[in-house]
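Below: one structure, written as structure tokens.
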Amino acid sequence: MAWNTNLRWRLPLTCLLLQVVMVILFGVFVRYDFEADAHWWSERTHKNLSDVENEFYYRYPSFQDVHVMVFVGFGFLMTFLQRYGFSAVGFNFLLAAFGIQWALLMQGWFHFLQGRYIVVGVENLINADFCVASVCVAFGAVLGKVSPIQLLIMTFFQVTLFAVNEFILLNLLKVKDAGGSMTIHTFGAYFGLTVTRILYRRNLEQSKERQNSVYQSDLFAMIGTLFLWMYWPSFNSAISYHGDSQHRAAINTYCSLAACVLTSVAISSALHKKGKLDMVHIQNATLAGGVAVGTAAEMMLMPYGALIIGFVCGIISTLGFVYLTPFLESRLHIQDTCGINNLHGIPGIIGGIVGAVTAASASLEVYGKEGLVHSFDFQGFKGDWTARTQGKFQIYGLLVTLAMALMGGIIVGLILRLPFWGQPSDENCFEDAVYWEMPEGNSTVYIPEDPTFKPSGPSVPSVPMVSPLPMASSVPLVP
């Protein structure tokens, strides 16, 4: 089926409408947190505080790292498609910019409401980035097959569902999920996989040649991998309690990521008959350890435990890219462009299970009495909880997340199937030229619904033949 992909009025109107709504809602509901307000001066004097004690100085370095991961790491990781680099980075930029605004509102209404106002500080910015990271994960499943309008619609609904799921887990079930193995990765992955299943394209084979990478596109994607890999310790520790919890989360993530690289390389080489490495595995499976250690990151997992998690996830993720992704596409009709099930889905579930087991096995000998109370908030509502109770609720949180992702993905997928969102036809998927003005001679797309459009020439422009210069040895020497 061919759809009209001319977005001249639809995209501008959608973007402007959403932004105007954001301006109005921010004007009505959003104010600065007291540490960002000018009244901080009187508060500081009254409580004898120093500017250095402002939350900004504790949290902003982590916020910077998380921000880079969302906009640079995820964006460039998805540039592996040979003709979809503009869209991978550009649409990631678009959905993230809208998503952080909507996330500040949705999370604010659930977590940061004081009176009738949402108070915004640096911690809100980190949480909004976490929410958008989940959207970026889901984007990987539908990459190349949807229009920017569909992505904005998906972002709107996913951020809403993310905030609801996060509230249920963190506020009602009292789950610990510092690095978001459940709330971010599991939810984002299975929401995205459900959406892409609903949007299944029977004739996607017509765009199969564009679904491959080339040398340069893989190199750009590797840049995204390195940014994600380097900053993941900040991601998993960004909102942990100051002091030992945050310190522990960074160490555990660091160790898990390091182990994951070695096992990913080992399995990738072992699965090739000539022992060669597959760049897809190195770009993605090497990050699975950071996903899986997220829930238990601030727990007393021990460095060797983090290494074991990374070791196992490197193996499972690489095997998933080789065997599971083709199976899901051929048997279940799940067209997972980026293989997010192997990088975020399965490692996220592993992370949820590891978090439950680690919480259930917590003891006074390992944590100490005060450390146990502080690490799991065993006070107030949870005053009579035991470690086993915490572990049980961790599992409940994982199950709720999966249910929310699957049900939400079905509903949003059905909305995105409507024919007026400007989605590309099956033969024009994974092609920048559908939505972007391309440099001369860099488009092979054909849009039959636009009679004025003429497909351009070959993707590699012809170069006039030039006689080669003579070799140095053949040039006569002047005596």
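Cβ from N, Cα, C; glycine included.
Keep in mind that what you see is a predicted model, and the values were worked out from it rather than measured.
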Where Swiss-Prot places N-linked glycosylation site when the choices are ASN48, ASN442: ASN48
The transmembrane segment (304-324) touching the transmembrane segment (61-81) per 3+ Cβ pairs under 8 Å rule: no
Arithmetic mean of per-residue pLDDT over the topological domain 'Cytoplasmic' (416-479): 63
Region pair the transmembrane segment (251-271) / the transmembrane segment (304-324), three or more CB pairs under 8 Å: yes
Stretch in 86-106, 149-169, 178-200, 304-324 most in contact with the transmembrane segment (219-239), if contact is a CB pair under 8 A: 178-200
Which of 86-106, 149-169, 178-200, 282-302, 304-324 contacts the transmembrane segment (346-366) most, counting Cβ pairs under 8 Å: 282-302
Of 86-106, 149-169, 282-302, 304-324, whichever stretch has the most CB pairs under 8 A to the transmembrane segment (178-200): 282-302
